[in-house]
């Protein structure tokens, strides 16, 4: 008897389990490209894309944007900067321009660089986030080739990115009349990402910022040390300087714009920039002509989808159109085939 | 070879001890050896090379962890697998090494572990013990130093084999002191793996005795029916034939494997090309732009020269773009195949409950090739048939009994208690009861004339040890009809006839051989002689002999035996003399039944365009019978060509005739010697084939096949054979079986499958692309050599049409998607190169590159590769035509590969240029700039993950819960890992490793970014959907149509089965089998195999026919003959 029961058990153990998984019978949905799923899908997606495209184009058009490239306008300064020996020489340049239409709401001021490769591999890795956290400001690992100066003193902030920081200062003036000149109030706050300002960049802990940076030296291309970047606002110095933080977020493409200032909406600018004559007063420090680059300033408003971006709208519109075209031709093919099938079946 | 313990020091130097190592590693050597082995694989070595490249700072464009994480993962998985395997090997090694055996040490028998046994030791073996080493049999409990062994572990054969000691040594018996003094010296061949051969001699007491295989007991055998024996160890441990045989098996690879390797090489070429393009780009850029830009970026430029910069960039890009050939490819393929193998093992529909046999995928690397089979080469006996002989019909005195199917009468089978014996005719039982003398004679003869050995198990159960199954069938039949064969001694046979025990004196025994095709037993009671002539449909005849005649004849026979030169002929003449003038009693019919479902399986496989060739050792008639009974040959065939010529010219003539019939006379027969062109033609594919209509069959026998396989005829033979619907090769040797397979493999470029169950099928199983073993009657040998095994031929249908088809389908889908995915993933770097000064800047975060293939996208594709089904299993079986795409290799080939690549390139293009267009002038909703590198990276990475997930969702045609979990889970995992890696906490700990802090939070809350992701996804996927929809609409494949049908079926339940009944047109149905081998006759009459205690003193005429030495010589001669003929065969045919 015992042997018998063993046999039975043995038999059961040899027999594969009758589970849906092992027998490949898991309940499943069989996907199939049916006309009922594909064609309406194409039509609705196409419609959505067309609508979205139109919406995006309209909103892109509604954005008021002015871009002024000032490299050629300030050719004197550009020339001066080509020679490294003029490093400490000041050069200012005034660029007048006209805003034909009112720029309503928040107006943002960007600097734009053409042909500046912030995305070169060796450039992007030439930084040390630990140093920028203020934990150990003498940590210049990974910062080659801008780790230490010729005396071996560590550079703070180290690295190629920091060293090449954009250092033009741009002021915006409004001329309500040809004789009156109003300096447009600009805010340097709120131009950085919150996480950059509060997590990624920290000043070394110290009551006195300059003393915190003792034992380090400024990057070679800088005029001032990092703790003197903003003489007006002591809070905006050291690694927490907004312009510095913006610069350190390297651009993806060789032509890029970075937020420089926000228009402070007070006084005549409470509703944005009125139409009229303006000028940029630029302290021209950043050399670009050596590498055939260009610099510019961009004034722009934003909409729900950000700044002016015609590409996205056009891409959506095109995609939508193509989808409809495809949907129509697929419908035609499908109906024809159906007809043929019916004919052949009958 | 020298022996004995006294010379131990000497032995230690020369001979290994009996410890065996099948394990490869120990704790210390595991890591170095395993790593060394793993890095011998090209893929692993390549990734090691990449890793080294990455450690060079000038080149390193990716952190070392992007390569090392996947590499370590892959190495670890493999190492764990190897370690587990080795652990089990260690365990079994230990178990075997620690087995005990009794060794004669210092004149005493002592228990000793196997591993301590030495060459030269004398070992005592007991019944049912495993043999510890290769032994020279010295003496045994049985008379004349005989012993029985079972060699199942060695060669899989389960029947007992006889070994016998030299007379001089068998005298030693169990005398320990004499055995201890035994100081013979054995000189023999060096260790080798030939199981059936041994040459050497024993020098003892100034005499030399030749030794052969009959005196050797090999390690791995089990001693049976022998209470003890003594043997001297000749080969121990690794020298034993068992261990010498455990060599590496031939490694089989699938055509997909080979294609994959080619493609991977192409991809490497492509990679190098891209590297060169980008390197040139870099040189130009450095020259034109970088030179001026340098002052701004680098104080001291290492790379001054733009050409040198280009050179470095080349290597940097090789590192970045290496993901086009991801390391996970090979691992994933292995995992998928393993999954498919498990499904085969788990399949209840391939489980044979009668024998509790599971289908088993013994090789886990060939599954998808099961979906591409074009030719099946099948053995007959035991594969198509059950190899269970049943006594089915008999004819006694002109009256036929047995299976008489009549539609009017319902027939109840007679059920017998023993063996579930069934016989469908009651009238026979009636006849026996009535005491019809002819019927009684008939069954008496069946009970007497055989070589069966009875074995009485406890509880009085009689077990018959049979040498051939048909003999067993006859004796069993006789037993069931009341003539029970009880026991035998060399001189007597005891039979219980209808309850009455009768003992017959055995006078002479004329064993079966293939020339006479009959066997006779001459015995006395009333003096009779029975003969069974031609064992096929066995005719039973008898002859009454008077004593004088017999004495006279016996004298003749003894003279014949004494004859030296022409002994065989004389004996044959003597046999002929007495086996004449016999009275015909009746005839028996033994049927070797077809296995269940064979006809359906063959029909279904034919519909799947799989050609089935039967290669059998049986004779032509038997093979043809089987052909008819399984519908491979039908009466409505246009022509059945039978090639049976004995010379090359005759075969040529016959082939020529066949060809004329096939193509008509006009085509003519090309000169058989102009075969080169022919072969070319064949390779190009068969346009000729299509022009021939009608069903033809080719039957060729072994002789003719030998000629047909010669170089000048093989092309013609192959051409004709391939046109014929059915090919049956009969009387073929194992080697010829393999040659036929090789021929088809080579010239048809087709995927072949060989299926068989016996030792003679091994060569065929090994040479075919896929070898299938039937785990059935003839032992395990074929199974051990096979890649897949199951119990019944009919499971082949399911293996090929369901498992094979799915495996192929899944593997192709997997590969397509895999190449697509990695091209889409990697080529984005290429496009980005044009916008980052070819500086080998990656588009993605390094962590993303590390995790993309192993975490974010691995599981959905594995789920698809393992679980996907296009049509249900039922439909796969019902529509064998679905198998066609696999044979034509339509689902994954070079052009498919290029389509996948193009798809990948297109996707990468969309993935890069849409974000590029948007980021060119992008500002965030709050005016802040988001066109930074990190946001760009996150946008493209997120788009990529979504695009490839949508794509896998489209590709998955069978959405189980696992697919859902994996696909949704992968996307969810991506986002959770993304947010984790961009979180404040992880940045605080590793600021330099995770610099993307806050990025996901900022970018992925921007509407713009999501619009980009949506646009990218739609643009990448939309054309695929449109293309597939149109394709299904315009050119639906069978699979598409059936899927559509399935939808309808699913709605309209219950399912209706679409199974087609195969038509039956054959006239002949049953296959009758018979044995070709000589039996135990001599052994029985000589009494050598009888226990001494069983030997009754006998009186009468019959003494043993030969004296012992002559018998042994005879036996030896026979064995060598067979060996010789086999080796001769081999040399000729090679």
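Placed from the backbone N, Cα and C atoms, the Cβ positions cover glycine too.
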Q: If TrEMBL is the reference, give me the range from B:987-1008, B:1009-1030, B:1031-1052 marked as transmembrane segment.
A: B:1009-1030
Q: Out of B:777-796, B:877-896, B:897-916, let me know the one TrEMBL marks transmembrane segment.
A: B:897-916
Q.
For the feature transmembrane segment as recorded in TrEMBL, pick the matching range from B:746-764, B:917-935, B:936-954.
A. B:936-954
Q: Could you check which of B:682-703, B:704-725, B:814-835 is flagged in TrEMBL as transmembrane segment?
A: B:814-835
(Q) According to TrEMBL, transmembrane segment applies to one of these ranges: B:658-678, B:847-867, B:1057-1077, B:1078-1098. Which one is it? (A) B:847-867
(Q) transmembrane segment per TrEMBL: which of the ranges B:197-223, B:224-250, B:305-331 is that? (A) B:305-331
Q: Any chance you could find the range in B:39-56, B:62-80, B:263-285, B:305-331, B:897-916 with the most Cβ pairs under 8 Å to the transmembrane segment (B:936-954)?
A: B:897-916
Q: Specify the secondary structure state of residue B:379 (active site, 4-aspartylphosphate intermediate) as given by DSSP, simplified to three classes.
A: coil
(Q) Sequence gap of 6 or more, Cβ distance under 8 Å: name the residues on the same chain that satisfy this around residue B:379 (active site, 4-aspartylphosphate intermediate), in order along the sequence. (A) B:614, B:615, B:616, B:737, B:755, B:756, B:757, B:758, B:760, B:761, B:764, B:774
Q) So, by DSSP, how many helix, strand and coil residues make up the domain 'P-type ATPase N-terminal' (B:7-68)? A) 36 helix, 0 strand, 26 coil
Q) Is the count of Cβ pairs under 8 Å between the transmembrane segment (B:847-867) and the transmembrane segment (B:897-916), pairs 6 or more apart in sequence, 3 or more? A) no
Q) Which one of these stretches, B:62-80, B:263-285, B:305-331, B:814-835, B:1009-1030, has the most C-beta pairs shorter than 8 Å to the transmembrane segment (B:897-916)? A) B:814-835
Q) Other than its close neighbours in sequence, what residues sit by the transmembrane segment (B:961-981), given a CB gap under 8 Å and a spacing of at least six beyond its ends? A) 845, 847, 851, 855-857, 859-860, 862-864, 867, 938, 941-942, 945-946, 949, 952-953, 994, 996, 1000-1001
